[in-house]
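Taken from Swiss-Prot as is:
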- SER616: active site, charge relay system (ACT_SITE)
- ASP693: active site, charge relay system (ACT_SITE)
- HIS728: active site, charge relay system (ACT_SITE)
- ASN38: N-linked glycosylation site (CARBOHYD)
- ASN81: N-linked glycosylation site (CARBOHYD)
- ASN104: N-linked glycosylation site (CARBOHYD)
- ASN113: N-linked glycosylation site (CARBOHYD)
- ASN221: N-linked glycosylation site (CARBOHYD)
- ASN282: N-linked glycosylation site (CARBOHYD)
- ASN468: N-linked glycosylation site (CARBOHYD)
- ASN668: N-linked glycosylation site (CARBOHYD)
- 1-17: signal peptide (SIGNAL)
Amino acid sequence: MKLGKWSVLLLVGCTAAIDIPRKPFPPTGSGHKRLTFNETVVKPVIAPSSTAVEWISTAEDGDYVFQDSDGSLKIQSIVTNHTQTLVPADKVPDDAYSYWIHPNLSSVLWATNYTKQYRYSYFASYYIQDLQSFKLAPLASNQAGDIQYANWSPTGDAIAFVRANNVYVWTAKSTTQITTDGSADLFNGVPDWIYEEEILGDRHALWFSPDAEYLAFLRFNETGVPTFRVPYYMDNEEVAPPYPRELELRYPKVSQTNPTVEVRLLSRATGEVSSVSIKAFNATDLVIGEVAWLTETHSQVAVKAFNRVQDQQKVVTVDVLSLKTKTISERDGTDGWLDNALSITYIGQIGDSKAEYYIDISDESGWAHLWLFPVAGGRPMALTKGEWEVTAILSIDKQRQLVYYLSTQHHSTERHVYSVSWKTFTATPLVDDTVAAVWSASFSSQGGYYILSYRGPDVPYQELYAINSTKPLCTITSNAAVYDVLKQYTLPKISYFELRLPSGETLNVMQRLPVSFSPRKKYPILFTPYGGPGAQEVSKAWQSQTFKSYIASDPELEFVTWTVDNRGTGYKGRRFRGQVAKQLGRLEAQDQVWAAQQAAKLPFIDAEHIAIWGWSYGGYLTGKVIETDSGVFSLGVLTAPVSDWRFYDSMYTERYMKTLQENANGYNASAIWDVAGYKNVRGGVLIQHGTGDDNVHFQNAAALVDRLVGEGVSPDKLQVQWFTDSDHGIRYHGGSVFLYRQLAKRLYEEKHRKKSEGHQWSKRSLEF
């Protein structure tokens with residue numbers, strides 16, 4: 001578990017119940033102060049906290065480990081309300097970043113000397129701490145903050161770890177190097193950049209069998225994958241070096257060579273490593289999305305395989321002893337794409353049947369639902385159904401034959417917690433699902449207790465429950481202090497509604513009104529889309545009081561904001577999101593323009609000042625919106641945008657656009673290319689990008705700016721801001737604060753822009 005202040009928990013002193021009832025809408029505050037830039041962007045003053053715990057398996061259900069306020073590790077028992085110190089504060093390593101508890105509580109594995117790599121991955125040194133003597137022993141004797149991953153086996157008798165792209169297994173007696181071919185281009189047990197970012201969403205690619213007798217891991221070969229170089233001009237130095245350091249990153253772009261992937265199985269008893277041939281698709285096109293054990297021991301493992309463009313899927317089981325494979329499930333998704341849900345969970349036999357099953361999330365009915373799949377193959381059974389979607393599996397209770405899950409059953413912007421029995425197929429809400437809200441839950445190891453987390457729209461809180469009880473045992477996190485702060489401020493009013501397209505489909509909208517809103521005044525409006533495939537921005541979760549709140553609070557700005565989830569976004573069914581396949585940017589831009597046209601008709605909107613700003617895919621979408629030359633938007637801000645999908649990674653892009661050879665016209669149409677809208681947008685365009693962006697490369701902004709300049713876009717229509725060495729998040733050397741100050745300045749200028757303003761250059765075309 002990662003360390004941090006958010007994990008502080010004292011059960012002994014928690015309150016009996018929530019003393020401030022939550023309402024089904026966001027708070028607006030009861031004071032008179034307006035939020036300032038410093039109170040929203042620099043150091044937010046309204047910031048609810050939450051608690052995460054590590055449930056552990058002990059004799060008593062309901063035990064969990066947490067880090068106390070003094071830094072010590074403690075174990076708390078819900079049943080006895082007893083707290084025991086596992087590691088005193090003075091015995092915790094000074095630079096500890098994360099920890100993992102031994103299954104029998106005899107020791108702790110610590111990650112120290114942390115160095116970030118990519119989105120999920122990092123390097124660290126690891127130490128094993130005995131909980132009797134508190135002595136620390138290095139996992140590897142000569143480690144130097146260079147271990148990529150480590151974790152206990154389920155039985156606690158071993159630790160699998162990865163160093164220099166090789167897999168090792170540690171036991172109390174010895175450490176064994178399992179692979180020896182790890183190199184800059186060969187990855188064992190950890191994903192390369194693209195698999196980490198786009199497929200696995202994690203920093204490891206190895207999995208112990210439930211009995212810890214076997215270890216399955218993936219081997220990635222990047223030979224032939226093109227290299228992209230990212231320069232670092234400052235490289236964390238105060239004085240720039242004469243020559244920039246360059247990160248050489250194997251980054252496959254559209255239609256380029258992808259890494260190949262193979263499955264390996266280690267028998268711990270023999271030390272033998274076997275290669276498993278997954279023949280679901282051609283080896284050069286094979287994408288492995290998931291590996292999951294379908295057994296309580298080590299008899300078989302499942303591999304979810306996709307073709308290169310991820311519109312064909314096969315689930316293949318591997319008999320561990322014979323290495324024979326069998327395809328037990330297939331799907332065709334050529335009407336769009338197939339998402340990698342990463343949710344396969346083995347449940348075994350159901351009732352009196354001898355057939356074994358696993359659970360997975362699939363949208364084969366047109367909506368993402370829970371399905372029971374026979375391990376031996378055959379027709380699956382829908383465990384949930386309806387025109388709504390399951391968004392996550394929270395827990396599986398095999399003893400009670402229940403699956404706990406989150407779904408959009410009440411509305412796509414909401415999340416409620418349910419259980420469903422695979423014996424009766426009956427679903428039961430754990431919360432009142434008629435009240436608009438976003439919930440989540442964390443269940444104890446044996447499923448007898450859970451922490452129920454209310455995430456909005458009102459101030460979040462957390463309570464502890466026993467299964468089958470409607471009364472909380474106590475409040476874990478009340479965030480009562482947030483209400484004390486809210487008494488001082490007046491906040492923008494947030495509301496939710498739907499816009500109905502001419503086609504009959506609806507778009508979810510989240511609206512913020514300025515704090516002193518008057519329907520008799522006219523206000524500028526800022527659209528803030530993301531809009532990417534399967535994404536969601538319009539949610540009834542707690543909305544952080546950050547930049548959007550600031551621009552609605554500052555009396556010199558007072559912007560209305562609309563966030564609109566266009567076609568292609570998530571949680572409204574396969575048809576709604578699949579429409580954008582092979583044509584990214586077209587329908588999304590149409591929807592944002594249409595929504596802005598509807599906003600312009602409102603009596604309180606200043607139709608002359610309608611701005612749009614987006615980041616990443618939202619930056620791309622902003623660029624496509626300006627390209628439409630609709631005349632409805634008067635200012636565009638593109639932050640870290642894609643400008644041409646040929647510049648982005650293959651596994652994300654081809655999932656939605658297919659290959660360049662198959663869809664050349666689609667790629668041409670999806671690029672930001674037409675410049676008329678950029679010449680005509682009344683308030684101009686601001687483009688922001690980090691030069692050290694290893695995800696959406698600075699190349700995107702550079703190529704777009706070259707196109708706009710080369711086609712004669714006037715200087716008063718185009719402003720460009722790069723951020724030296726900043727990655728996709730733009731934080732390096734104060735970049736974040738500068739970015740938002742610049743954005744606020746442009747919004748201020750847009751609000752006060754007069755119709756006739758503009759240098760003579762903007763009134764005539766330029767010739768070169």
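Going from the start of the chain as shown, residues are counted 1 onward.
Here the Cβ of each residue, glycine as well, is placed from N, Cα and C on the backbone.
Small disclaimer: the values here were computed from a predicted structure and weren't measured.
Everything Swiss-Prot records as a feature, shown here on the structure.
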{"residue": "ASN38", "record": "N-linked glycosylation site", "DSSP class": "helix"}
{"residue": "ASN81", "record": "N-linked glycosylation site", "DSSP class": "coil"}
{"residue": "ASN104", "record": "N-linked glycosylation site", "DSSP class": "coil"}
{"residue": "ASN113", "record": "N-linked glycosylation site", "DSSP class": "strand"}
{"residue": "ASN221", "record": "N-linked glycosylation site", "DSSP class": "strand"}
{"residue": "ASN282", "record": "N-linked glycosylation site", "DSSP class": "coil"}
{"residue": "ASN468", "record": "N-linked glycosylation site", "DSSP class": "coil"}
{"residue": "ASN668", "record": "N-linked glycosylation site", "DSSP class": "helix"}
{"residue": "ASP693", "record": "active site, charge relay system", "DSSP class": "coil"}
{"residue": "HIS728", "record": "active site, charge relay system", "DSSP class": "coil"}
Practice task
Spatially speaking, which of the recorded positions ASN104, ASN282, SER616, ASN668, HIS728 is closest to ASN468 (N-linked glycosylation site)? Use C-alpha to C-alpha, please.
Solution key: ASN104
Exercise for the section: Please tell me which one of the recorded positions listed here (ASN38, ASN113, SER616, HIS728) sits closest to ASN221 (N-linked glycosylation site), measuring Cα to Cα? Expected result: HIS728
Handout entry: HIS728 (active site, charge relay system) versus recorded positions ASN38, ASN113, ASN668, ASP693 - nearest by Cα
Key = ASP693
Problem - Packing count at HIS728 (active site, charge relay system) (other Cβ atoms within 10 Å of its Cβ) - result: 18
Practice task
Among the glycosylation sites listed here (ASN104, ASN221), identify the one with the smallest other-Cβ count within 10 Å.
Solution key: ASN104
Practice task
Other Cβ atoms within 10 Å is the metric here; tell me which of the glycosylation sites ASN81, ASN468 scores highest.
Solution key: ASN81
Fill in the blank from the handout: Cα nearest ASN38 (N-linked glycosylation site) among recorded positions (ASN81, ASN113, ASN282, ASN668, ASP693) -> ASP693
